[in-house]
């Protein structure tokens, strides 16, 4: 059981750790010290739902529909290109806040809506949870499959809360204009890199 748990934990961590829209959003809220723990909680809850759905049946549905998989892939390409463009433009203009959210103080509900959009309207999330985690978890025996899901979920929860708390702790340094420009450049570059990788996968479908 422990080996299966660690397998799920390691695989989930490998996909979550690279910078993506969710990470950029949570990091930005941590830097601003604005509802950062709530943001981490919503990201973790969304991942729990998506990971469990992928491992316990959603992956088979996606894999049986090449058209749906293609739509998810190319939707992810478009989303990531748009998101990366916003980050690069923020870096070019020298905005003092990350492109993950608009500048200025936001209300709790606006943060919730933005975070849900960043998570649930990002098709790359479905590729990670349904195609990768779902395909591998779905091949396991039914009695050990929950342990794989538990490991994957644990990695997600631990990462988002660690990221939010670390960003809040480093806020005095990361909230400077120069640091924000570097962050925006990094976010934009990574988003476009992931988009081009997804496009290559889409051409091979």
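Positions of Cβ are set from backbone N, Cα and C atoms, glycine also.
What Swiss-Prot records for this protein:
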- 1-21: transmembrane segment (TRANSMEM)
- 42-62: transmembrane segment (TRANSMEM)
- 67-87: transmembrane segment (TRANSMEM)
- 111-131: transmembrane segment (TRANSMEM)
- 147-167: transmembrane segment (TRANSMEM)
- 182-202: transmembrane segment (TRANSMEM)
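Within its own chain, the transmembrane segment (1-21) is flanked in space by residues 47, 51, 79-80, 83, 100, 118-119, 122, 124, 128, 132-133, 136-137, 140, 144, 147-156, 159, 186-187, 190-191, 194, which lie at least six positions past its ends and keep a Cβ under 8 Å from the stretch.
The list of residues near the transmembrane segment (42-62) in space but at least 6 beyond its ends in sequence, with Cβ under 8 angstroms from a Cβ of it, reads 12, 16, 22, 25-26, 68-69, 72, 112, 115-116, 119-120, 125-126, 129-131, 133-135, 137-138, 145, 148-149, 152-153, 156-157, 160-161. Remote same-chain residues near the transmembrane segment (67-87) are listed as 21, 24, 61, 98-100, 121-124, 126-127, 131, 184-185, 187-192, 194-195, 198-199, 201-202, 205 (criterion: CB distance under 8 Å, separation of at least six residues from the stretch ends).
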